[in-house]
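Since the structure comes first, as structure tokens, the remarks are kept for the end.
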Amino acid sequence: MRSRSLLLVALATLLLHASASASDDDLDYLIDNADDIPANDPDGWLQEGSPDDDDDDDLFHHGQAQDHPIDETHVFLLSAANFSDFLASHRHVMVEFYAPWCAHCQALAPDYAAAAADLSPLAHQVALAKVDATEDTDLAQKYDVQGFPTILFFIDGVPKDYNGARTKEAIVSWVNKKLAPGVQNITTVDEAEKILTGEDKAILAVLDSLSGAHSDEIAAASRLEDAINFYQTSNPDVAKLFHLDPAAKRPSLVLLKKQEEEKLTFYDGPFKASAIADFVSANKLPLVNTLTQETAPSIFDNPIKKQILLFVVANESSKFLPIFKEASKSFKGKLLFVFVERDNEEVGEPVANYFGITGQETTVLAYTGNEDARNFFLDGEISVENIKRFAEDFLEEKLTPFYKSEPVPESNEGDVKIVVGKNLDQIVLDESKDALLEIYAPWCGHCQELEPTYNKLGKHLRGIDSLVIAKMDGTANEHPRAKPDGFPTILFYPAGKKSFEPITFEGDRTVVEMYKFIKKHASIPFKLKRPDSSATKTEKDQSTASTNLRGERSSGTNFKDEL
């Protein structure tokens, strides 16, 4: 292998002696070269000010202008500078993470402001606020904001997703429910017996008093958990009914799950709302969870992010599910065990495709969750001991991740190189070349709009041997050094620096802007190769395209489709 240090020295020498710069290039060639644009080019260049020079995607531009100014008097504007202090001084806070250009955020704005006004008499209990996620990107990343608007409701600093309707009435109603007493009192054995016979799941706290600090913590925890009822009692006979020692130190708490082998789970952590809510969220689910559209939110929003998934066809489930369930008992509170019916077209097929699983063979897979989304496959026989060993190695970070990939293309001679998971190292991470990589999704409208422009960029730069222009289908391929942040994501990998994080392109998606970006960050200087002028003149004479073209049409703004 070529020495990396020698390569860096060589690159540094090239940089010191290079006299060319981006400003030396004749960029008019990139702007005004109408000769290579077909008359029917859907991405055709337009004159500035042309009535057609707008973005066709009204998802982002519709409704930008408001008929009337919005009174946001009661909406607090938060930033990284005041966010933590504001949450510390307000027990209940609803926060909208928005982007100024987002049409859905603009549509929400009047309802959100009206909801804040309606709730203003309860200012001592709740506040509505907003954060510009395009400015405070660290805050958005901290709270895993992946689309706009994202609305979170914080209780004692603990966030909970708001997934209700984006109307004033829905927001006000939802918040009022969160502010209402979330815990019910049990004072008699008869009341307790009704709970035991009538509810599949319940939380019971045994307290010295049904009011005070401990009761407040239980009430706050109940507001963080929608799917289970919370109860409190000071009656020792009720405690006995739930197998709690009435003489034991209070407060104490137990989770009832009638449908499970282990029907009672006792809590021994700090008596704080967030800790209690985490305990409930981690323990309310069964040992093995069947993935359906209804159960998906509770599975993937669970505080336990790491999962072991069993993919098996329906008629084989009776053989493998008991094995899977037995293995799961050793990892309660550490891992979620999830059963996926492989031949279920509604859920099984798309989930299997997401993880790159083909065929109908029974498969056990470990998944790290949405933060880094690494997958690991169990090799060998599916047995209790093998699954347990696999899960233990997963927790101890001893496994090698799997990354899905399409087959390497047999021919790859185009101006834009086709990258898949298996050949990214050879094409993009080649230390001797600068590389620009677009990660796209076939269904993404912004990717489709970018394609003609990106192809033109590849065509203009095809004669530069030190530079690679490439693209990869991010829905069918994965690589640890190419992680998309929405689609399209455009990443630049400078030569000699492939061990560093790639540089993300955030500018307008035009040939000129992408060219300037490459020129700025390229390790190996290059000069734009303009085609022969006589050939250009001949092509222009044959073209019906306008000769007075000023700018290439593109989305113009760095919009992305969500993952």
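Glycine is treated like the rest: Cβ placed from N, Cα and C.
Lifted from Swiss-Prot, the feature list:
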DOMAIN    46-180  domain 'Thioredoxin 1'
CARBOHYD  Asn82  N-linked glycosylation site
DISULFID  Cys102-Cys105  disulfide bond
SITE      Arg166  site 'Lowers pKa of C-terminal Cys of first active site'
CARBOHYD  Asn185  N-linked glycosylation site
CARBOHYD  Asn315  N-linked glycosylation site
DOMAIN    394-523  domain 'Thioredoxin 2'
DISULFID  Cys444-Cys447  disulfide bond
SITE      Gly445  site 'Contributes to redox potential value'
SITE      His446  site 'Contributes to redox potential value'
SITE      Arg509  site 'Lowers pKa of C-terminal Cys of second active site'
COMPBIAS  543-563  compositional bias 'Polar residues'
MOTIF     560-563  motif 'Prevents secretion from ER'
Between Cys105 (disulfide bond) and Asn82 (N-linked glycosylation site): CA-CA distance (Å): 22
Among Cys105, Cys444, the one of these disulfide-bonded residues whose Cβ has the fewest neighbouring Cβ atoms within 10 Å: Cys444
Nearest-integer angstrom distance between the alpha carbons (Cα) of His446 (site 'Contributes to redox potential value') and Arg509 (site 'Lowers pKa of C-terminal Cys of second active site'): 10
Secondary structure at Asn185 (N-linked glycosylation site), reduced by DSSP to three states: strand
Arithmetic mean of per-residue pLDDT over the domain 'Thioredoxin 1' (46-180): 83
The domain 'Thioredoxin 2' (394-523) - residue tally per DSSP class, helix then strand then coil: 33 helix, 26 strand, 71 coil
Nearest of the recorded positions (Asn185, Asn315, Gly445) to Arg166 (site 'Lowers pKa of C-terminal Cys of first active site') - Cα to Cα: Gly445
The one of Arg166, His446, Arg509 whose CB sees the fewest other CB atoms within 10 Å, among these recorded sites: Arg166
Inter-residue C-alpha distance, Asn185 (N-linked glycosylation site) and Arg509 (site 'Lowers pKa of C-terminal Cys of second active site') (nearest angstrom): 60
Cα distance (Å, whole number) from Arg509 (site 'Lowers pKa of C-terminal Cys of second active site') to Gly445 (site 'Contributes to redox potential value'): 14
Alpha-carbon spacing, Cys105 (disulfide bond) to Cys447 (disulfide bond), which is rounded to whole Å: 22
Number of Cβ atoms other than its own within 10 Å, given for Cys102 (disulfide bond): 19
Cβ neighbours of Asn315 (N-linked glycosylation site) where a neighbour is any other Cβ within 10 Å: 8
Residue from Cys102, Asn315, Cys444, Cys447 whose C-alpha is spatially nearest that of Arg509 (site 'Lowers pKa of C-terminal Cys of second active site'), among the recorded positions: Cys447
The domain 'Thioredoxin 1' (46-180) - residue tally per DSSP class, helix then strand then coil: 48 helix, 29 strand, 58 coil
Cys444 (disulfide bond) and Asn315 (N-linked glycosylation site), distance between Cα atoms, whole Å: 36
